[in-house]
Amino acid sequence: MSKQLPVQKNEHVHVQFEDLTHDGAGVAKVDGYPLFVKQALPGEVALVKVIHTKKNFGFGRLIKVEKESIHRVEAPCPVFNRCGGCQLQHLSYEGQLQYKQKQVQEVMARIGGLNDLAVHPTLGMEDPWRYRNKSQVPIGEQSGKIVAGFYAERSHDIVDTDECLIQSEDADRAMNLVKKMAEEYGLRGYDGKTHKGQLRHVVIRHAAATDQLMIVLVTKNESIPNKKHLIKRLRDTFPNLASIVHNVNPKRTNVIFGEKTTTLWGEDVIYDEISGIRFAISPRSFYQVNPVQTKVLYEKALEYADLKGKENVIDAYCGIGTISLFLAKQAKHVYGVEIVPEAVDDARQNARLNGIENADFYVGEAEKVMPWWRAQGIEADVIVVDPPRKGCDESLLDTMTEMEPEKIVYVSCNPATLARDLKYLKEKGYESKEVQPVDMFPQTTHVECVTWLEKVPREVT
Ligand code: SAH
(Lines of atoms letter the chains of each structure in order from A; the text may use other names.)
(Lines give C-alpha, C1' and ligand atoms only; values in the text may rest on other atoms or scores of the structure.)
Protein backbone atom coordinates (compact mmCIF):
# COMPACT_ATOMS: atom_id res chain seq x y z
CA MET A 1 0.00 0.00 0.00
CA SER A 2 1.28 3.46 -0.82
CA LYS A 3 2.36 5.64 2.05
CA GLN A 4 -0.05 8.39 3.14
CA LEU A 5 1.14 11.82 1.99
CA PRO A 6 1.28 14.67 4.53
CA VAL A 7 -1.26 16.63 2.43
CA GLN A 8 -4.25 15.58 0.36
CA LYS A 9 -5.62 17.05 -2.83
CA ASN A 10 -8.12 19.90 -2.22
CA GLU A 11 -6.96 20.28 1.38
CA HIS A 12 -6.29 23.80 2.71
CA VAL A 13 -3.04 24.18 4.64
CA HIS A 14 -1.14 27.01 6.32
CA VAL A 15 2.48 26.92 5.21
CA GLN A 16 5.69 28.91 5.45
CA PHE A 17 7.72 29.43 2.27
CA GLU A 18 11.46 28.89 2.29
CA ASP A 19 12.67 29.19 -1.24
CA LEU A 20 11.93 29.92 -4.91
CA THR A 21 12.37 27.39 -7.71
CA HIS A 22 14.11 28.14 -11.00
CA ASP A 23 10.69 28.79 -12.54
CA GLY A 24 9.74 31.26 -9.83
CA ALA A 25 7.35 29.18 -7.68
CA GLY A 26 7.50 29.40 -3.88
CA VAL A 27 8.57 26.24 -2.03
CA ALA A 28 7.06 25.28 1.33
CA LYS A 29 7.58 22.01 3.16
CA VAL A 30 4.88 20.10 5.02
CA ASP A 31 6.61 17.45 7.14
CA GLY A 32 9.44 17.49 4.62
CA TYR A 33 7.08 17.18 1.62
CA PRO A 34 7.67 20.09 -0.81
CA LEU A 35 4.71 22.06 -2.09
CA PHE A 36 5.24 24.37 -5.07
CA VAL A 37 3.02 27.42 -5.19
CA LYS A 38 3.08 30.11 -7.85
CA GLN A 39 3.43 33.72 -6.71
CA ALA A 40 4.43 32.81 -3.15
CA LEU A 41 7.68 34.30 -1.84
CA PRO A 42 10.29 33.05 0.63
CA GLY A 43 9.54 34.11 4.20
CA GLU A 44 5.81 34.31 3.57
CA VAL A 45 3.17 32.48 5.55
CA ALA A 46 0.08 31.68 3.54
CA LEU A 47 -3.07 29.67 3.23
CA VAL A 48 -2.72 27.33 0.28
CA LYS A 49 -5.07 24.90 -1.44
CA VAL A 50 -3.42 21.67 -2.54
CA ILE A 51 -4.28 21.15 -6.19
CA HIS A 52 -2.11 18.24 -7.26
CA THR A 53 -0.04 15.66 -5.43
CA LYS A 54 2.73 13.37 -6.61
CA LYS A 55 4.81 10.88 -4.68
CA ASN A 56 7.64 13.23 -3.77
CA PHE A 57 6.14 16.71 -4.16
CA GLY A 58 2.90 18.56 -4.79
CA PHE A 59 1.43 21.78 -6.16
CA GLY A 60 -0.77 24.30 -4.43
CA ARG A 61 -2.66 27.47 -5.21
CA LEU A 62 -2.12 30.61 -3.17
CA ILE A 63 -5.39 31.48 -1.39
CA LYS A 64 -4.30 34.15 1.09
CA VAL A 65 -0.93 35.56 2.09
CA GLU A 66 -1.03 35.88 5.87
CA LYS A 67 2.46 37.27 6.39
CA GLU A 68 3.95 39.15 3.46
CA SER A 69 7.58 39.19 2.38
CA ILE A 70 9.26 42.60 2.48
CA HIS A 71 9.97 41.96 -1.19
CA ARG A 72 6.33 41.57 -2.21
CA VAL A 73 5.02 44.27 -4.54
CA GLU A 74 1.79 44.61 -6.44
CA ALA A 75 2.15 43.25 -9.99
CA PRO A 76 1.29 46.17 -12.30
CA CYS A 77 0.12 44.03 -15.25
CA PRO A 78 -3.62 43.25 -15.22
CA VAL A 79 -3.12 39.81 -16.84
CA PHE A 80 -0.08 38.78 -14.75
CA ASN A 81 -2.07 35.97 -13.10
CA ARG A 82 -2.96 34.35 -16.41
CA CYS A 83 -0.20 35.25 -18.88
CA GLY A 84 2.87 33.01 -19.06
CA GLY A 85 5.22 35.80 -20.18
CA CYS A 86 6.35 37.10 -16.78
CA GLN A 87 6.75 35.13 -13.56
CA LEU A 88 8.18 37.64 -11.09
CA GLN A 89 6.19 40.87 -11.22
CA HIS A 90 5.11 40.30 -7.61
CA LEU A 91 8.75 40.34 -6.45
CA SER A 92 10.55 43.68 -5.96
CA TYR A 93 13.25 44.32 -8.56
CA GLU A 94 15.94 44.19 -5.88
CA GLY A 95 14.49 40.80 -4.87
CA GLN A 96 14.57 39.61 -8.50
CA LEU A 97 18.25 40.48 -8.85
CA GLN A 98 19.13 38.67 -5.62
CA TYR A 99 17.03 35.67 -6.67
CA LYS A 100 18.88 35.39 -9.99
CA GLN A 101 22.30 35.56 -8.35
CA LYS A 102 21.27 32.84 -5.89
CA GLN A 103 19.86 30.66 -8.67
CA VAL A 104 23.15 30.86 -10.55
CA GLN A 105 25.17 30.14 -7.39
CA GLU A 106 23.08 27.08 -6.59
CA VAL A 107 23.21 25.67 -10.08
CA MET A 108 26.99 26.15 -10.27
CA ALA A 109 27.35 24.11 -7.08
CA ARG A 110 24.69 21.49 -7.79
CA ILE A 111 25.30 20.80 -11.48
CA GLY A 112 28.83 22.10 -11.97
CA GLY A 113 30.33 21.06 -8.62
CA LEU A 114 31.77 24.58 -8.59
CA ASN A 115 31.02 25.50 -4.99
CA ASP A 116 33.72 28.13 -4.68
CA LEU A 117 33.17 29.87 -8.00
CA ALA A 118 32.51 33.60 -7.49
CA VAL A 119 29.06 34.59 -8.76
CA HIS A 120 28.73 38.36 -8.67
CA PRO A 121 25.57 40.32 -7.85
CA THR A 122 23.29 40.48 -10.91
CA LEU A 123 23.71 43.59 -13.03
CA GLY A 124 20.21 45.04 -13.29
CA MET A 125 18.42 47.82 -15.13
CA GLU A 126 17.58 51.24 -13.81
CA ASP A 127 14.10 50.97 -15.28
CA PRO A 128 13.19 47.29 -15.67
CA TRP A 129 10.04 47.84 -17.79
CA ARG A 130 9.28 48.34 -21.48
CA TYR A 131 12.69 46.95 -22.35
CA ARG A 132 12.01 44.44 -25.14
CA ASN A 133 12.94 45.47 -28.68
CA LYS A 134 11.12 42.51 -30.23
CA SER A 135 7.58 41.28 -29.67
CA GLN A 136 6.21 38.18 -31.33
CA VAL A 137 2.49 38.40 -30.70
CA PRO A 138 0.29 35.42 -31.54
CA ILE A 139 -3.09 36.29 -33.01
CA GLY A 140 -6.11 34.04 -32.72
CA GLU A 141 -9.84 33.98 -32.33
CA GLN A 142 -11.93 33.31 -29.25
CA SER A 143 -15.74 33.18 -29.51
CA GLY A 144 -15.57 34.78 -32.94
CA LYS A 145 -13.45 37.73 -31.76
CA ILE A 146 -9.87 38.41 -32.76
CA VAL A 147 -7.49 38.11 -29.81
CA ALA A 148 -3.83 39.05 -29.48
CA GLY A 149 -1.50 38.67 -26.54
CA PHE A 150 0.84 36.09 -25.11
CA TYR A 151 0.37 32.45 -24.24
CA ALA A 152 -0.78 31.25 -20.84
CA GLU A 153 1.88 29.28 -19.01
CA ARG A 154 2.70 25.93 -20.61
CA SER A 155 -0.04 26.29 -23.21
CA HIS A 156 -0.87 27.78 -26.58
CA ASP A 157 -3.98 29.56 -25.31
CA ILE A 158 -3.70 33.27 -26.02
CA VAL A 159 -4.34 35.62 -23.10
CA ASP A 160 -5.94 38.57 -24.86
CA THR A 161 -4.37 41.86 -23.84
CA ASP A 162 -3.94 45.36 -25.18
CA GLU A 163 -0.84 46.19 -23.21
CA CYS A 164 2.37 44.38 -22.32
CA LEU A 165 4.55 46.21 -19.83
CA ILE A 166 7.81 44.65 -20.94
CA GLN A 167 7.38 45.57 -24.60
CA SER A 168 7.51 49.07 -26.11
CA GLU A 169 4.48 51.34 -26.31
CA ASP A 170 4.84 51.24 -30.10
CA ALA A 171 4.53 47.46 -29.91
CA ASP A 172 1.32 47.84 -27.89
CA ARG A 173 -0.08 50.23 -30.45
CA ALA A 174 0.95 48.08 -33.42
CA MET A 175 -0.55 44.97 -31.82
CA ASN A 176 -3.86 46.78 -31.16
CA LEU A 177 -4.04 48.36 -34.59
CA VAL A 178 -3.39 45.06 -36.37
CA LYS A 179 -6.08 43.44 -34.23
CA LYS A 180 -8.53 46.22 -35.08
CA MET A 181 -7.78 46.09 -38.80
CA ALA A 182 -8.14 42.31 -38.84
CA GLU A 183 -11.63 42.70 -37.35
CA GLU A 184 -12.55 45.42 -39.83
CA TYR A 185 -11.18 43.70 -42.92
CA GLY A 186 -12.44 40.24 -42.05
CA LEU A 187 -8.97 38.76 -41.66
CA ARG A 188 -9.51 35.68 -39.50
CA GLY A 189 -7.26 34.89 -36.54
CA TYR A 190 -5.36 31.61 -36.83
CA ASP A 191 -6.25 28.62 -34.69
CA GLY A 192 -3.33 26.26 -34.14
CA LYS A 193 -5.57 23.35 -33.12
CA THR A 194 -7.76 23.32 -36.25
CA HIS A 195 -5.25 25.00 -38.61
CA LYS A 196 -8.08 27.36 -39.62
CA GLY A 197 -7.82 31.14 -39.99
CA GLN A 198 -5.23 33.32 -41.65
CA LEU A 199 -3.39 35.82 -39.42
CA ARG A 200 -0.89 33.95 -37.21
CA HIS A 201 1.47 36.50 -35.67
CA VAL A 202 2.44 40.11 -35.71
CA VAL A 203 6.13 40.60 -35.01
CA ILE A 204 7.30 44.06 -34.03
CA ARG A 205 10.98 44.98 -33.95
CA HIS A 206 12.29 48.28 -32.74
CA ALA A 207 15.84 49.59 -33.00
CA ALA A 208 16.48 51.49 -29.79
CA ALA A 209 19.32 53.66 -31.10
CA THR A 210 17.64 54.81 -34.32
CA ASP A 211 13.97 54.47 -33.25
CA GLN A 212 13.25 52.57 -36.49
CA LEU A 213 10.27 50.25 -36.37
CA MET A 214 9.64 47.05 -38.36
CA ILE A 215 6.25 45.34 -38.45
CA VAL A 216 5.99 41.78 -39.75
CA LEU A 217 2.68 40.09 -40.47
CA VAL A 218 2.80 36.31 -40.51
CA THR A 219 -0.11 34.69 -42.31
CA LYS A 220 -1.05 31.14 -43.31
CA ASN A 221 -1.30 31.91 -47.02
CA GLU A 222 -0.44 34.72 -49.42
CA SER A 223 -3.64 36.70 -49.25
CA ILE A 224 -4.01 39.83 -47.14
CA PRO A 225 -7.32 41.61 -47.79
CA ASN A 226 -7.15 45.42 -48.13
CA LYS A 227 -3.38 45.29 -48.18
CA LYS A 228 -3.04 48.88 -49.42
CA HIS A 229 -5.24 50.29 -46.66
CA LEU A 230 -3.50 48.24 -44.08
CA ILE A 231 -0.10 49.56 -45.15
CA LYS A 232 -1.38 53.13 -45.24
CA ARG A 233 -2.88 52.94 -41.77
CA LEU A 234 0.31 51.49 -40.31
CA ARG A 235 2.34 54.24 -41.99
CA ASP A 236 -0.03 56.97 -40.80
CA THR A 237 0.12 55.69 -37.24
CA PHE A 238 3.89 55.26 -36.94
CA PRO A 239 6.10 58.07 -38.25
CA ASN A 240 9.15 55.97 -37.28
CA LEU A 241 8.03 52.96 -39.32
CA ALA A 242 10.86 51.87 -41.62
CA SER A 243 9.72 48.47 -42.84
CA ILE A 244 6.54 46.43 -43.29
CA VAL A 245 7.16 42.77 -44.04
CA HIS A 246 4.94 39.84 -44.93
CA ASN A 247 5.93 36.29 -44.04
CA VAL A 248 3.92 33.27 -45.12
CA ASN A 249 3.86 30.19 -42.92
CA PRO A 250 1.49 27.52 -44.31
CA LYS A 251 2.70 24.78 -41.96
CA ARG A 252 1.01 23.19 -39.00
CA THR A 253 3.68 24.19 -36.52
CA ASN A 254 4.48 26.30 -33.47
CA VAL A 255 7.46 27.79 -35.29
CA ILE A 256 6.56 31.40 -35.98
CA PHE A 257 8.10 32.10 -39.38
CA GLY A 258 7.65 30.33 -42.68
CA GLU A 259 10.18 30.31 -45.50
CA LYS A 260 8.71 33.06 -47.66
CA THR A 261 9.37 36.68 -46.71
CA THR A 262 8.53 39.75 -48.80
CA THR A 263 8.85 43.42 -48.01
CA LEU A 264 5.46 45.11 -48.41
CA TRP A 265 6.74 48.61 -47.88
CA GLY A 266 10.01 50.34 -46.93
CA GLU A 267 13.32 48.67 -46.28
CA ASP A 268 14.19 44.98 -45.88
CA VAL A 269 16.06 45.64 -42.64
CA ILE A 270 16.18 48.15 -39.80
CA TYR A 271 19.38 49.52 -38.31
CA ASP A 272 20.40 49.57 -34.67
CA GLU A 273 23.57 50.66 -32.94
CA ILE A 274 25.38 49.37 -29.87
CA SER A 275 28.36 51.32 -28.56
CA GLY A 276 28.96 52.97 -31.92
CA ILE A 277 28.66 49.79 -34.02
CA ARG A 278 25.80 49.66 -36.49
CA PHE A 279 23.80 46.51 -37.14
CA ALA A 280 21.34 45.67 -39.89
CA ILE A 281 18.56 43.50 -38.52
CA SER A 282 16.40 41.42 -40.83
CA PRO A 283 12.96 40.12 -39.87
CA ARG A 284 14.14 36.66 -38.86
CA SER A 285 17.65 37.12 -37.53
CA PHE A 286 18.60 36.60 -33.91
CA TYR A 287 19.29 39.82 -32.07
CA GLN A 288 19.46 40.28 -28.30
CA VAL A 289 16.08 41.53 -27.04
CA ASN A 290 17.16 44.01 -24.38
CA PRO A 291 19.28 46.76 -25.92
CA VAL A 292 20.24 48.44 -22.62
CA GLN A 293 21.52 45.22 -21.11
CA THR A 294 23.08 43.92 -24.33
CA LYS A 295 25.58 46.73 -24.01
CA VAL A 296 26.27 45.73 -20.40
CA LEU A 297 26.66 42.08 -21.41
CA TYR A 298 28.95 42.69 -24.38
CA GLU A 299 31.10 45.13 -22.43
CA LYS A 300 31.55 42.51 -19.74
CA ALA A 301 32.49 39.91 -22.38
CA LEU A 302 34.99 42.39 -23.82
CA GLU A 303 36.42 43.10 -20.37
CA TYR A 304 36.80 39.35 -19.70
CA ALA A 305 38.44 38.80 -23.10
CA ASP A 306 40.99 41.45 -22.06
CA LEU A 307 42.27 41.97 -25.60
CA LYS A 308 45.50 43.82 -26.28
CA GLY A 309 45.19 44.00 -30.06
CA LYS A 310 47.42 41.04 -30.93
CA GLU A 311 44.96 38.23 -30.43
CA ASN A 312 43.18 35.93 -32.82
CA VAL A 313 39.64 35.47 -31.53
CA ILE A 314 37.02 32.90 -32.47
CA ASP A 315 33.37 33.77 -31.92
CA ALA A 316 31.48 30.49 -32.15
CA TYR A 317 27.67 30.87 -32.44
CA CYS A 318 28.20 34.40 -33.74
CA GLY A 319 24.66 35.16 -35.02
CA ILE A 320 24.71 38.41 -37.02
CA GLY A 321 28.21 39.11 -35.75
CA THR A 322 27.34 41.34 -32.83
CA ILE A 323 29.95 40.08 -30.36
CA SER A 324 32.50 39.51 -33.14
CA LEU A 325 32.35 43.13 -34.30
CA PHE A 326 32.43 44.34 -30.73
CA LEU A 327 35.66 42.40 -30.20
CA ALA A 328 37.19 43.09 -33.62
CA LYS A 329 38.02 46.67 -32.68
CA GLN A 330 40.45 45.41 -30.06
CA ALA A 331 41.71 42.17 -31.60
CA LYS A 332 44.07 41.29 -34.43
CA HIS A 333 41.49 39.13 -36.17
CA VAL A 334 38.09 37.67 -35.38
CA TYR A 335 36.69 34.49 -36.91
CA GLY A 336 32.94 34.09 -36.51
CA VAL A 337 31.01 30.90 -37.18
CA GLU A 338 27.26 30.48 -37.31
CA ILE A 339 24.86 27.81 -38.54
CA VAL A 340 22.19 30.06 -40.13
CA PRO A 341 23.33 31.27 -43.58
CA GLU A 342 21.20 34.47 -43.53
CA ALA A 343 22.74 35.46 -40.21
CA VAL A 344 26.22 35.07 -41.73
CA ASP A 345 25.16 37.29 -44.66
CA ASP A 346 24.03 39.86 -42.09
CA ALA A 347 27.29 39.51 -40.17
CA ARG A 348 29.34 40.18 -43.33
CA GLN A 349 27.14 43.12 -44.23
CA ASN A 350 27.48 44.47 -40.69
CA ALA A 351 31.28 44.24 -40.88
CA ARG A 352 31.22 46.23 -44.14
CA LEU A 353 28.73 48.72 -42.70
CA ASN A 354 31.21 49.52 -39.96
CA GLY A 355 34.34 49.40 -42.10
CA ILE A 356 35.64 46.47 -40.06
CA GLU A 357 38.11 44.44 -42.11
CA ASN A 358 39.61 42.10 -39.56
CA ALA A 359 36.54 39.88 -39.13
CA ASP A 360 35.63 36.85 -41.26
CA PHE A 361 32.42 34.88 -41.03
CA TYR A 362 31.72 31.29 -41.97
CA VAL A 363 28.54 29.28 -42.29
CA GLY A 364 28.46 25.93 -40.54
CA GLU A 365 28.35 24.07 -37.28
CA ALA A 366 30.96 25.47 -34.95
CA GLU A 367 32.02 21.95 -33.95
CA LYS A 368 32.85 21.15 -37.60
CA VAL A 369 34.26 24.50 -38.74
CA MET A 370 36.66 24.88 -35.82
CA PRO A 371 38.64 21.68 -36.49
CA TRP A 372 38.85 22.74 -40.15
CA TRP A 373 40.26 26.11 -39.11
CA ARG A 374 42.75 24.32 -36.94
CA ALA A 375 43.82 22.17 -39.90
CA GLN A 376 44.38 25.41 -41.84
CA GLY A 377 46.76 26.56 -39.14
CA ILE A 378 44.42 29.13 -37.60
CA GLU A 379 45.14 29.49 -33.92
CA ALA A 380 42.93 31.13 -31.33
CA ASP A 381 44.14 33.07 -28.32
CA VAL A 382 40.60 33.66 -27.10
CA ILE A 383 37.44 31.72 -27.91
CA VAL A 384 34.04 33.23 -27.21
CA VAL A 385 30.94 31.02 -27.15
CA ASP A 386 27.33 32.15 -26.90
CA PRO A 387 25.24 29.03 -27.54
CA PRO A 388 21.45 28.58 -27.49
CA ARG A 389 19.73 27.31 -24.32
CA LYS A 390 20.87 23.73 -24.77
CA GLY A 391 24.49 24.78 -24.32
CA CYS A 392 27.53 23.54 -26.24
CA ASP A 393 27.92 20.16 -27.89
CA GLU A 394 30.54 18.03 -26.19
CA SER A 395 32.37 17.79 -29.50
CA LEU A 396 32.54 21.59 -29.61
CA LEU A 397 33.96 21.72 -26.09
CA ASP A 398 36.55 19.10 -27.13
CA THR A 399 37.58 21.02 -30.23
CA MET A 400 37.74 24.22 -28.30
CA THR A 401 40.10 22.82 -25.69
CA GLU A 402 42.20 21.09 -28.37
CA MET A 403 42.82 24.52 -29.87
CA GLU A 404 44.34 25.47 -26.53
CA PRO A 405 43.29 29.12 -26.31
CA GLU A 406 44.66 31.04 -23.34
CA LYS A 407 41.16 32.04 -22.47
CA ILE A 408 37.53 31.13 -23.05
CA VAL A 409 34.66 33.60 -22.58
CA TYR A 410 31.33 31.84 -22.22
CA VAL A 411 28.09 33.82 -22.64
CA SER A 412 25.01 31.83 -21.67
CA CYS A 413 21.25 32.26 -21.41
CA ASN A 414 20.83 29.06 -19.40
CA PRO A 415 22.75 28.68 -16.11
CA ALA A 416 22.06 24.91 -15.97
CA THR A 417 23.79 24.09 -19.27
CA LEU A 418 26.49 26.65 -18.46
CA ALA A 419 27.27 24.83 -15.21
CA ARG A 420 27.35 21.46 -17.01
CA ASP A 421 29.74 22.80 -19.65
CA LEU A 422 32.00 24.54 -17.11
CA LYS A 423 32.32 21.24 -15.27
CA TYR A 424 33.35 19.49 -18.47
CA LEU A 425 35.81 22.25 -19.35
CA LYS A 426 37.36 21.93 -15.91
CA GLU A 427 38.06 18.25 -16.60
CA LYS A 428 39.74 19.38 -19.83
CA GLY A 429 42.03 21.82 -18.05
CA TYR A 430 40.11 25.10 -18.10
CA GLU A 431 39.35 26.78 -14.81
CA SER A 432 36.29 29.04 -14.41
CA LYS A 433 37.30 32.32 -12.81
CA GLU A 434 34.05 34.19 -12.14
CA VAL A 435 30.45 34.44 -13.28
CA GLN A 436 28.63 37.69 -13.92
CA PRO A 437 24.83 37.38 -14.13
CA VAL A 438 23.22 40.11 -16.24
CA ASP A 439 19.50 40.77 -16.09
CA MET A 440 18.45 40.74 -19.73
CA PHE A 441 14.88 39.67 -18.93
CA PRO A 442 13.46 41.61 -15.94
CA GLN A 443 10.13 40.35 -14.51
CA THR A 444 10.87 36.85 -15.81
CA THR A 445 12.93 34.03 -14.27
CA HIS A 446 15.45 34.08 -17.12
CA VAL A 447 19.00 35.18 -16.54
CA GLU A 448 22.01 35.68 -18.79
CA CYS A 449 25.55 35.00 -17.55
CA VAL A 450 29.03 35.73 -18.75
CA THR A 451 32.02 33.75 -17.47
CA TRP A 452 35.68 33.52 -18.25
CA LEU A 453 37.96 30.53 -18.05
CA GLU A 454 41.70 30.25 -18.13
CA LYS A 455 43.91 27.41 -19.24
CA VAL A 456 45.46 25.76 -16.22
CA PRO A 457 49.23 25.52 -16.83
CA ARG A 458 50.43 21.92 -17.06
CA GLU A 459 52.73 20.98 -14.24
CA VAL A 460 56.32 20.73 -15.31
CA THR A 461 57.90 17.51 -14.07
N1 SAH B 1 26.31 35.92 -30.24
C2 SAH B 1 25.12 36.28 -30.95
C3 SAH B 1 24.13 35.13 -31.17
C4 SAH B 1 23.83 34.25 -29.99
S5 SAH B 1 22.43 33.18 -30.19
C6 SAH B 1 24.44 37.47 -30.31
O7 SAH B 1 24.75 37.82 -29.17
O8 SAH B 1 23.60 38.10 -30.95
C9 SAH B 1 23.12 31.66 -30.62
C10 SAH B 1 23.42 31.50 -32.10
O11 SAH B 1 24.00 30.21 -32.29
C12 SAH B 1 22.19 31.53 -33.01
O13 SAH B 1 22.40 32.53 -33.98
C14 SAH B 1 22.15 30.11 -33.63
O15 SAH B 1 21.70 30.11 -34.96
C16 SAH B 1 23.59 29.68 -33.54
N17 SAH B 1 23.89 28.22 -33.52
C18 SAH B 1 23.16 27.23 -32.97
N19 SAH B 1 23.82 26.05 -33.06
C20 SAH B 1 25.00 26.28 -33.69
C21 SAH B 1 26.10 25.47 -34.07
N22 SAH B 1 26.12 24.19 -33.83
N23 SAH B 1 27.16 26.07 -34.67
C24 SAH B 1 27.16 27.40 -34.90
N25 SAH B 1 26.13 28.22 -34.57
C26 SAH B 1 25.05 27.68 -33.99
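Heads up, the Cβ atoms here are built off N, Cα and C, so glycines get one too.
Nobody curates TrEMBL annotations by hand; they come from automatic prediction.
Summarising the annotation, TrEMBL assigns domain 'TRAM' to 6-64.
According to TrEMBL, the feature S-adenosyl-L-methionine binding site maps to Q288, Y317, E338, D386. Sequence-distant neighbours of D386 (S-adenosyl-L-methionine binding site) (same chain, 6+ apart, CB under 8 A from its CB) are D315, A316, Y317, C318, G319, I323, Y410, V411, S412. Taken residue by residue with DSSP, D386 (S-adenosyl-L-methionine binding site) is part of neither helix nor strand, so it is coil.
Taken from TrEMBL, the feature active site, nucleophile covers C413. The local packing around C413 (active site, nucleophile), expressed as other Cβ atoms within 10 Å of its Cβ over all shown chains, amounts to 18.
TrEMBL lists C413 with the feature active site.
Between the CA atoms of E338 (S-adenosyl-L-methionine binding site) and C413 (active site, nucleophile) there is a gap of 17 Å. Taking the Cβ of Q288 (S-adenosyl-L-methionine binding site) as reference, residues of its chain lying under 8 Å away and at least six apart in sequence are, in sequence order, T294, L297, T322, M440. For the recorded S-adenosyl-L-methionine site, residues Q288, Y317, E338, D386 set the reference point as the centre of their Cβ atoms, and the other residues of that chain within 8 Å of it by Cβ are F286, D315, C318, G319, T322, I323, P387, V411. Pairwise Cα distances among Q288, Y317, E338, D386, the recorded S-adenosyl-L-methionine-binding residues, top out at 15 Å. DSSP labels the residues of the domain 'TRAM' (6-64) in these numbers: 0 helix, 37 strand, 22 coil.
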